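Notes follow the structure.
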Amino acid sequence: MTVLTHRPEWRALETHYHAICNVHLRQLFAEDPGRGERLTAEAAGLFFDYAKNRITDETLRLLIALAEACDLRARIDAMFRGERINATENRAVLHVALRAPRGAVILVDGANVVPEVHAVLDRMAAFAEQVRSGRWTGFTGKPIRNIVNIGIGGSDLGPVMAYEALRYYSDRNLTVRFVSNVDGSDFAEATRDLDPAETLFIVASKTFTTLETMTNARTARAWALAALGDEAAVARHFVAVSTNAAEVAKFGIDTANMFGFWDWVGGRYSMTSAIGLSTMIALGPERFHELLAGFHAMDEHFRTAPFDRNLPVIHGLLTIWYANFFGIETVAILPYDNYLKRFPAYLQQLTMESNGKSVTLSGAPVSYQTGMIYWGEPGTNGQHSFYQLLHQGTRLALCDFIGFAEPLNPLGNHHDLLMANMFAQAEALAFGKTTEETLAEGTPEWLAPHRTFAGNRPSNTLLAERLTPATLGALVALYEHSVFTQGAIWDINPFDQWGVELGKALAGRIVPELMSESAPHLAHDSSTNALIRRYRTLRGRVS
C-alpha cells in the first residue's frame with residue numbers, strides 16, 4: 001500500500017498549504033462574501049459552520065481527493081457490512097448496529113445481529129420500568145431510590161456523560177452516581193449519603209474481571225451486606241452488564257439480571273449498548289430510544305451523504321488538515337451548555353484512545369502525526385481560564401464550539417448572554433483586533449501590543465435547536481465517525497487500545513511489592529525502586 005505521505009494527493013495538499021498558510025481569515029472573508037453561508041453543512045438536527053477555518057474551496061477539494069484515494073468510502077461500507085475491520089483483534093466494528101431500527105438487517109458472519117440488539121434493549125426497558133415504577137424493590141422491600149454505576153473507561157465515561165448531558169430529562173426521584181476510580185475515595189464519596197436498602201448497583205464489566213471495576217464491586221458488596229446482613233440481598237441490589245455468567249453468578253447476581261453485549265462493540269463506542277442501562281433507568285426507555293434515533297440519523301448521514309456535505313467526513317478531514325499540515329496538536333472542545341460539562345472528558349477517550357497510534361494497519365511505523373490531544377471546559381467558565389492562551393498565546397489550537405438556540409432552563413436573559421459569548425469568542429479568534437484598531441480606540445501606544453489580537457485562529461461551530469436525547473446522539477455519532485475518518489486517512493486502527501496493557505501488567509507486579517509484610521526484592525529501575533521504598537516507609541512498612 002502506498003505510504004500516505006507519498007500519495008500525490010498528500011503532496012498536492014503540501015503545496016497548497018504553503019500557498020495559503022499565511023493568508024488571514026480576514027482576507028478570506030473579505031474576498032468571498034458568501035463564505036459564511038457556503039461553508040456549512042447540516043444533518044440530524046446539527047448545523048455545522050466551518051467557515052472560520054483556514055481553508056478555501058480548493059482545500060476542501062484536495063482533502064476530499066485524499067479521502068477518496070485512501071478508500072474512505074470503501075472503509076465506511078466495510079464497517080457497516082460487518083467486516084472484521086478491527087484487524088488486530090479480528091473483530092467486526094458495529095456500534096452502528098446498536099442504534100439500528102428494529103427491522104434493519106446488519107450481518108456479522110452471515111447472521112443478522114439487529115434482533116439480538118433489540119432483545120437486549122427490550123430486557124433493559126422492562127427492567128428500567130420496574131425500577132422507575134418502584135416494582136423492583138430492595139431486600140427489605142423498599143423501592144430503589146439510588147442507582148450507582150460501577151465501571152471504568154467506556155463503561156463509565158459514556159454513561160456519566162449521557163446522564164449529565166440529559167439530566168434535565170431524568171427522573172429526579174432517582175439519585176444516580178458513578179464510581180470508576182480504584183481510589184477508595186471515589187466509592188466512599190459516591191455512597192456516603194446513600195441508604196443501602198434503597199441502592200442498586202450496576203456492575204459493568206464485559207469479562208467481570210476488570211481490576212478497578214471488580215475491586216469497587218466487591219467493596220460495594222461488603223458495604224451493602226454490612227447493612228443488610230444476608231447474602232441473598234446481593235441479588236436484589238446488584239445487576240450486571242457482562243457476558244461472563246459464571247463470574248456474575250459467583251458474585252451473587254441472578255444471571256436473569258445480567259445484560260450482555262458483543263465483541264463487535266468496543267468499550268468507548270458502547271454507551272448505546274447494555275452499558276447504557278443506568279442511562280435508560282434515569283431517562284426512561286422512551287427517551288433512551290430518542291437517543292438511539294439521533295445516533296442512527298447521523299450514522300445514516302455518514303453512510304450515505306457525499307463527502308462535500310458529510311459532517312463527520314468534513315470534520316475529520318479538517319482535523320487532518322491541522323494536525324498534519326499546520327502542526328496543531330490540540331483540539332479544545334468548548335460546549336456552551338453546562339449540561340455538557342463531561343463531554344470533553346468523554347471525547348478524550350473516544351478520540352485519544354482510538355487514534356493515539358504510531359503504527360499503520362500493516363504494523364509499519366507512521367511517518368506523520370496521528371491523534372490530537374482533546375481537552376475543554378464549558379463556556380463561559382473557560383473564558384476566564386484558558387482562553388487567554390487561545391487568543392494571544394504562541395500555540396495554535398483548533399476549537400470546536402457547541403451551542404443551542406433554546407435553553408432548557410430559561411432564566412431571564414442568561415441564554416442570550418451565554419450564546420452572545422460563544423459567537424463572540426469564535427469571531428474574536430478568527431479576526432482578532434489589529435494594532436491600528438486598538439490605537440483608534442484611544443489605547444496608549446505602549447499598551448497597544450498587549451491589547452492586539454492576531455486572530456487567524458481556526459474554529460468550528462456546531463449549533464442545534466436545543467439539547468435533547470436525539471441531538472446528543474447525533475453529536476456523539478458525529479465525533480465517532482470523524483474519528484473513523486481520521487483513522488482511515490492515517491491508515492491506523494481506531495478500534496484497539498493495546499497502549500493500556502503494559503501499565504496494567506506492571507501494576508500487577510508492583511501490587512504485592514507494596515503490600516508485602518517483609519521488604520520486597522525490587523528489580524525495577526532505580527527511580528521506581530526508590531519510589532516504592534519511599535511509599536512503603538510512609539505507610540509504615542519495612543522497606
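Numbers run from 1 along the shown chain.
Just so it is clear, glycine is given a Cβ too, placed from its N, Cα and C backbone atoms.
As given in Swiss-Prot:
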- Glu353: active site, proton donor (ACT_SITE)
- His384: active site (ACT_SITE)
- Lys504: active site (ACT_SITE)
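Everything Swiss-Prot records as a feature, shown here on the structure.
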{"residue": "Glu353", "record": "active site, proton donor", "Cβ contacts under 8 Å, 6 or more apart": "Gly153, Arg268, Gln497, Gly499, Val500"}
{"residue": "His384", "record": "active site", "Cβ contacts under 8 Å, 6 or more apart": "none"}
{"residue": "Lys504", "record": "active site", "Cβ contacts under 8 Å, 6 or more apart": "Leu211"}
